[in-house]
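> After the structure tokens below, expect a handful of questions from me.
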Amino acid sequence: VEPNATIREIRLMFHKLYPQWYPARQSIKLDPKGKSLRDEEILQHLPVGTTATLYFKDLGPQIGWTTVFLIEYTGPLFIYFLFYFRMPFVYGLDERFTSSPHPVVNLACICHSFHYIKRLIETVFVHRFSHGTMPLRNIVKNCLYYWGFAAWLAYYINHPLYTPPSYGKKQINFAVIMFLLCEAGNFSIHVALSDLQRNGSKIRKIPYPTKNPFTWLFFFVSCPNYTYEVGTWISFTVMTQCVPVGLFTLLCFIQMTIWAKDKHCTYLREFKDYPSLRMPIIPFLL
């Protein structure tokens, strides 16, 4: 291997010798317990001498992130409709194909569908993935999470005994406005992050606010896309006033806080000039 060889080139060379391990399945490390080396890293720039020992680990069968997201987000979209249209096998024959007397139920279906349609559009046209694949075994766990919660929420929101929010139209209208603002903000952040990786560049850069006001949250947090995502589900909780939605929102917040903290720490580690005012997910707090 030449000193100026990249890790990607080494992966390709390894694949030629062992065809069963395609590059996406390979984890190449300098230390068995260390982190996997990135494709763009160059051998001579790594902390090695004239000779280097690289460690290989089989990551198992992989699946592309685009395919993962399409599967994860298509499920909730169609599962929700099974409950919205009150299929006979869900609520019983007496309630089959009946419509809810509460307008908020129709509004909730529109908002829920809009959210996942937006996610599918972003997956195809906006997102640029720094890691091309994930282990195939994880798709089952992810689908159980998204599909299971979609069924649980839909069951209660579309149930014949569902009762509308306590404060009526005022509560619903306020929640819808917040929902749409958070969705617009989330989309704006995803576009801004995508623009950082134009022309297929995988070099990590510090994201900064643009002329779009929704991106100004970058002044205060490292991961405003997660902030807006949590805001979306809080709005949906207020709109439906449904306990399962609130529990789902809480779990989303916990998981996204973990992701945001990891990303924030990565930014601090890689960029010495990273803005000191930023917090991971909640301005000035968390």
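Quick reminder: no glycine exception, Cβ is built from N, Cα and C everywhere.
TrEMBL: automatically predicted annotations, no manual curation.
For 1-58, the entry in TrEMBL reads domain 'TECR-like N-terminal'. Sequence annotations record features per position, and here TrEMBL assigns transmembrane segment to 63-85, 144-162, 174-193, 213-228, 234-254. Annotation source TrEMBL lists domain '3-oxo-5-alpha-steroid 4-dehydrogenase C-terminal' at 133-286.
Describe each of these features in terms of where it is and what it packs against.
This prediction places the mean pLDDT of the domain 'TECR-like N-terminal' (1-58) at 89.
Counting same-chain residues at least six beyond the ends of the transmembrane segment (144-162), those with a Cβ under 8 angstroms from any Cβ of the stretch are 72-73, 75-76, 79-80, 82-84, 86, 90-91, 95, 98, 100, 102, 105, 108-109, 112, 240, 242-245, 248.
Non-local neighbours of the transmembrane segment (174-193) in the same chain are 107, 111, 114-115, 118, 122, 126-127, 165, 207, 210, 212, 214-215, 217-218, 224-225, 227-229, 231-232, 234-236, 238-239; each lies 6+ residues outside the stretch with a CB under 8 Å from one of its CB atoms.
Outside the transmembrane segment (213-228), and at least 6 residues removed from its termini, the chain residues within Cβ reach (under 8 Å) are 182-186, 188-190, 192-193, 207, 256-257, 259-260, 263-264, 267, 275, 277-284.
Listed as Cβ neighbours of the transmembrane segment (234-254) (distance under 8 Å, sequence separation of 6 or more from its ends, same chain) are residues 104, 107-108, 111-112, 115, 149, 152-153, 155-157, 162, 164-166, 171-172, 174-176, 178-179, 182.
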> DSSP-wise, what's the residue breakdown of the domain 'TECR-like N-terminal' (1-58) into helix, strand and coil?
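Its residues divide into 17 helix, 10 strand, 31 coil.
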